[in-house]
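Scroll down for the structure; my scribbles are underneath it.
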């Protein structure tokens, strides 16, 4: 029986997703604080929806508790501890510069051949995303490609779309590659090694199909030319900031993943394994940075010039400058290249601010508070009267923070990039789904799925897969879509084999669904477009949808086809 409370709950759920897709911002004047920008979007819309539903008695304390503690083997706090711990290890590995160094090495291997380089970049980003997930690749790979395409005079669309597709498709291989994978493993009690065994073939099929379609739609010379105009040699060592940390971090992360897979056979909670590994990496980072600081391997903090540490030029930009300058001297292309630099000066082509500082600002903007000012490295903050609340204390705290950041650069660079904003967002999604279940919507949706599929495995695979891709766009990123469909599938009481097939189909859909029509289909999409905006590149929503349409259709068809074939053989 659908009540008025159920209708209100469903309406507010979809209203919150609308604001997640397209945020609404306005300015308000607050006492003592002054004029501030209020954003109803990713962080605030779901929480506001929960507050309204609670006030209107559409949900109660039980649903809020269940959304935090979890039900049906899905434990939100476990999932978030696991994801933040892995994110710390992956991001601190990225801070060493190892991903940028790998990109430089691949660019040298590709030489002046545009088609070969396009393939090499796609392959590299795919391999890295399989291991560390999509977020580190989005953070480092996007900045690299912005610089590279500008330096070589390439149209960036083909290269950036390829990077985005490769990073998100490859995240389906390991259960730790995406928070949605963890939700599926927890919700359907799938062993971590078994998850990879189920998804490896669909991943290979999707990845190959995606690359072929990308080459088809970017076959024009203006997108991926056969011969590149500039082919300066890039030195990977210039961007490898800390080789010792890079080696230790790579080995440490590999050992962690191996231990997790082994212990999963003994039904040990994954977060109990990953959290100690993250703690061990934190201890190493603090000790190693202290050693480097004490021995003068990293610059000391200068109290008379406290901004010196933060004003270091971006090593990636420096390497590009040197490589392109050498190339100009060899080929006498100084006039052409200088005109390209002048064109990109307005886009802050080679920003003087550190890349990690930019990443910090972007992460805070994408996953920050709803009540905030937008501050980018090239913009002045929203005008407001200066705060008079104990300015000396604020100045002292700022100075102490800069001292600590100079002493422990790895931790203080990685800390702002950690997806802490995912915590309230994920909890709010779990609570909203609990509200839908409380009002009977999950049972209604599961009954529709049973009727449409007639409890047959093949229809279930395609219905879950197709609707999973669609819901990534309209239900609060792929996290919300995965939580919702996991609840619906479990409520449908399918046979074990059918439920397992639906889970694998959902795993494929939740990852390729990020390569979709809206930026908010995944948190990686929101971070990706924010980085591009910061670097002066604008990709319109309609263009993003247009370039992703063909790869998404191809991956959906091929991926679900492989899942259907696998399940036909297995069951």
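Note: Cβ is positioned from N, Cα and C throughout, glycine not excepted.
What you see is a predicted model, and the numbers here were worked out from it, not measured in a lab.
Residues 506-532 are the range that TrEMBL records as transmembrane segment, among 425-451, 506-532.
As stated in TrEMBL, the feature transmembrane segment covers range 77-106 out of the listed 77-106, 167-196. Counted over residue pairs separated by six or more positions, the transmembrane segment (460-486) shares fewer than 3 Cβ pairs under 8 angstroms with the transmembrane segment (77-106), which leaves the two as not touching. Taking Cβ pairs closer than 8 Å, the transmembrane segment (544-570) reaches residues 157, 161, 165, 169, 198, 201-202, 205-206, 209-210, 212-214, 216-217, 457-458, 461-462, 465-466, 469, 497, 500-501, 504-505, 508-509, 512, 515-519, 529 in its own chain, all 6 or more past its ends.
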